Amino acid sequence: MILLRHGESVWNLENRFTGWTDVDLSANGVEEARLAGKILKNEGYQFDKAYTSVLKRAIRTLWIVEEMMDLVWLPVEKRWELNERHYGNLQGLNKAEMAKQYGAELVHQWRRGYGIEPPPLDNSDPRHPRFDRRYAGLAPEALPASESLKKTLKRVIPCWKQHILPDIAAGKELIIVAHGNSLRALYKHLEGLSDQEVMELNIPTGIPLVFELDSAFRPTAHYYLADSEKSQVVIGDTAH
């Protein structure tokens, strides 16, 4: 199984909180996706199905990977549950500016804390997902106005158990293209990380992460498909 965080987005580049805002890839993000596809092809990976979110930066990353691997026919299941963590009223705001306004420690807790939710969107805010057509079929109470990583986990893990895991059990080779925090949530579940340990975990953009699973679907190994020097550089910190 391959986990892949989308390539760098325009708002990653601008150091903004992104969350559910549907921003596109930056030029560098497109190149990251192309490189990921090239690496996967060169390593001989083949897939039977792909999962992604309903946000274009993840979808476009998957498109590019498929094209690079000559897998444009690949069945794709788009799941809103794989969306990035919702950053509430912080979405669109610059993190450095927020640190000056609210203090670096509070902003760090908003970003990396496990159970802390950023200030929520008002229900009348046009940025609220209730006004977005792609979520029209969901119950209003399912749509977040803000999320902690803990809350994100509560939608990602049911998606894993109800949709992704049955495909793995059926013998399908999968690629999951999603977001920093939805992948952190899945990583926490798979590896049994503590709440404190997951706070220190960062998933870099555009680098394929391999998870090898045993017959009981427990991880036996995980590793990035990239040279160690690049991994060390990008794993440090990337805006969400």
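For all residues, glycine too, the Cβ spot is worked out from N, Cα and C.
Here the structure is a predicted model, which means the values were calculated and not measured.
Features as listed in Swiss-Prot:
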- His6: active site, tele-phosphohistidine intermediate (ACT_SITE)
- Glu84: active site, proton donor/acceptor (ACT_SITE)
- 5-12, 18-19, Arg57, 84-87, Lys95, 111-112, 180-181: substrate binding site (BINDING)
- His179: site 'Transition state stabilizer' (SITE)
Just counting, how many other CB atoms are there within 10 A of the CB of Arg5 (substrate binding site)?
30
Taking DSSP three-state, what's Gly19 (substrate binding site) in: helix, strand or coil?
coil
Which recorded positions sit within 10 Å of His6 (active site, tele-phosphohistidine intermediate) - Cα, from Gly19, Arg85, Lys95, His179, Gly180:
His179, Gly180
Using a 10 Å radius around each Cβ and counting other Cβ atoms from all shown chains, which of the binding-site residues Gly19, Gly180 yields the largest count?
Gly19
